[in-house]
Structure formats: structure tokens, C-alpha cells
């Protein structure tokens, strides 16, 4: 069984584009859950470009599955996470000038911070994952820092312009997933996954969960949000069933 985390950031992006009260990320989360999502992922960025504090607070008590809150390692975000108390927090790198998260967190370069934030969140009963590139050293450092969950960054795979490069990136992800699992870690993956490239990733047996947002929200424009979620879940499950 493989789980689908629906990222609802870009529902909020559409709302923020006009400064309206709609579409509601909370409503989108509930629709995603009723359509087969196993958890809801959202990124409260420091610049608040899409998800807002009020979205997180309103969503927390009404979700029937799990909340996976993505956040940068800052005192402000730690305070928010401790107050909201989601089931999961995923520590991610963040740059104000980026369009979307550009790569995995450099655990080796920020080891002390990763260990500190992982410890504080774990003490509060929140499961911590680290968004990292599919690299053995980064995975080992995440484990050493106390994380027992990782999310492998699949962006290089998704953006590979040629089949040979895509296969090479897929091999890296497979190896990373195997290594993480050998340490006893829960291995998730995400970033840039869509209806055309998700199946090879979903077929990796060590991967427990995929977090996907932009592709689902975009496809929903044509087929509706419930159907977009159902189609993605079906693709993932068919890949795993082989």
C-alpha cells in the first residue's frame, strides 16, 4: 500500500492571486480527503505567498486524516508548529526568491539546526521528516540528527529532459529509498510528480507516501478536484500492484 498526500498550496495560490476568500484551502482539503487522499500537506512559508496562518488553524481541527506541515527551520515556524500540533512536520529549505522549493535540505551543512528542530518537535509528539535529495550521506545525517522519516526530493527526476537522465535519477531514488529503509526509516517522496511520471516512483517498494500538489490542482481545472485526486491515487496503486 502506498499513501497519497495531497498538497493544497496551489489552491491558496489561486486565492492569493486576486486577494479573495475563495477558493478555500480548507474546503479543498476536505474534498481531497473524501476523494481518497491519505493526508493533507501544506507549506506555511515565511513570506506567506500562498497558505496563511488562518488556513492552518482552521484546517487542523476538521481534518479526518493527517496534517503534514512543511516549514523552514525558524523560531517563528517552530512556534507555529508547536501551537498547531500537526501529526507530521516536514523540514524544508526555503528561499524567498524561489518559485518553489528548489532542492533538498542540506542536513550536513545545517546539522545542528536540524538536530535542534527535530528534537523540539519530537518532544512535542510531532513526527518529523526531512526533505532531502536522494543522497546517502544526507540520509545518514538525517538519521543521526534524530529524524526517522525522510522525503526524497524527486525534482531532478521530474525535470530530466532526456530518458537517459530520467533513468539515472530514478536509479538514485531507488538506491536512496533502499538505504533509508535499511536504517529503519520511513521513506516518502515528492516534488514535480505528475500523472505522466508518477508510476515509476510509486513502484519503488520502499516508498511509503507521495506528496503531490501542483499537478493535481492543475488537472482539477479540467476534470474536477475529486476526480483529479482519484486518478492520481489510482495510478499510484496500479504501479504498486505490479
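Positions of Cβ are set from backbone N, Cα and C atoms, glycine also.
Features reported for this protein in Swiss-Prot:
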ACT_SITE  43  active site, proton acceptor
ACT_SITE  70  active site, proton acceptor
ACT_SITE  191  active site, proton donor
BINDING   7, 18, 192, 213, 214  3-amino-2-oxopropyl phosphate binding site
BINDING   9, 10, 45, 50, 100  1-deoxy-D-xylulose 5-phosphate binding site
SITE      151  site 'Transition state stabilizer'
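Where Swiss-Prot records a feature, it is marked here on the structure.
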residue: 7; record: 3-amino-2-oxopropyl phosphate binding site; CB count, 10 Å: 25
residue: 10; record: 1-deoxy-D-xylulose 5-phosphate binding site; CB count, 10 Å: 20
residue: 18; record: 3-amino-2-oxopropyl phosphate binding site; CB count, 10 Å: 8
residue: 45; record: 1-deoxy-D-xylulose 5-phosphate binding site; CB count, 10 Å: 20
residue: 50; record: 1-deoxy-D-xylulose 5-phosphate binding site; CB count, 10 Å: 21
residue: 70; record: active site, proton acceptor; CB count, 10 Å: 26
residue: 151; record: site 'Transition state stabilizer'; CB count, 10 Å: 30
residue: 192; record: 3-amino-2-oxopropyl phosphate binding site; CB count, 10 Å: 19
residue: 213; record: 3-amino-2-oxopropyl phosphate binding site; CB count, 10 Å: 24
residue: 214; record: 3-amino-2-oxopropyl phosphate binding site; CB count, 10 Å: 16
Inset, instruction - In whole Å, could you give the widest CA to CA gap in the 3-amino-2-oxopropyl phosphate site formed by 7, 18, 192, 213, 214? - result: 25
Inset, instruction - Given the recorded positions 43, 45, 50, 70, state which is nearest to residue 18 (3-amino-2-oxopropyl phosphate binding site) when distance is taken between Cα atoms. - result: 50
Inset, instruction - Within 10 Å of residue 10 (1-deoxy-D-xylulose 5-phosphate binding site) by C-alpha distance: pick out those among the recorded positions 70, 151, 192, and say none if nothing qualifies. - result: none
Inset, instruction - Quick one: give me the count of other CB atoms within 10 A of the CB of residue 43 (active site, proton acceptor). - result: 22
Legend entry - Spatial neighbours of residue 7 (3-amino-2-oxopropyl phosphate binding site) among the recorded positions 43, 45, 50, 151 [C-alpha, 10 Å]: 43
Legend entry - Listed recorded positions (9, 191), ranked by Cβ neighbours within 10 Å, top entry: 191
Inset, instruction - Work out how many Å separate residue 214 (3-amino-2-oxopropyl phosphate binding site) and residue 9 (1-deoxy-D-xylulose 5-phosphate binding site) at their Cα atoms, rounded off. - result: 8
Inset, instruction - Starting from residue 45 (1-deoxy-D-xylulose 5-phosphate binding site), work out which of the recorded positions listed here (70, 151, 191, 192) have their Cα within 10 Å, and give them in sequence order. - result: 70
Legend entry - Per DSSP, three-state class assigned to residue 9 (1-deoxy-D-xylulose 5-phosphate binding site): helix
Legend entry - Rounded Cα-Cα span from residue 213 (3-amino-2-oxopropyl phosphate binding site) to the residue listed as 'active site, proton donor', Å: 8
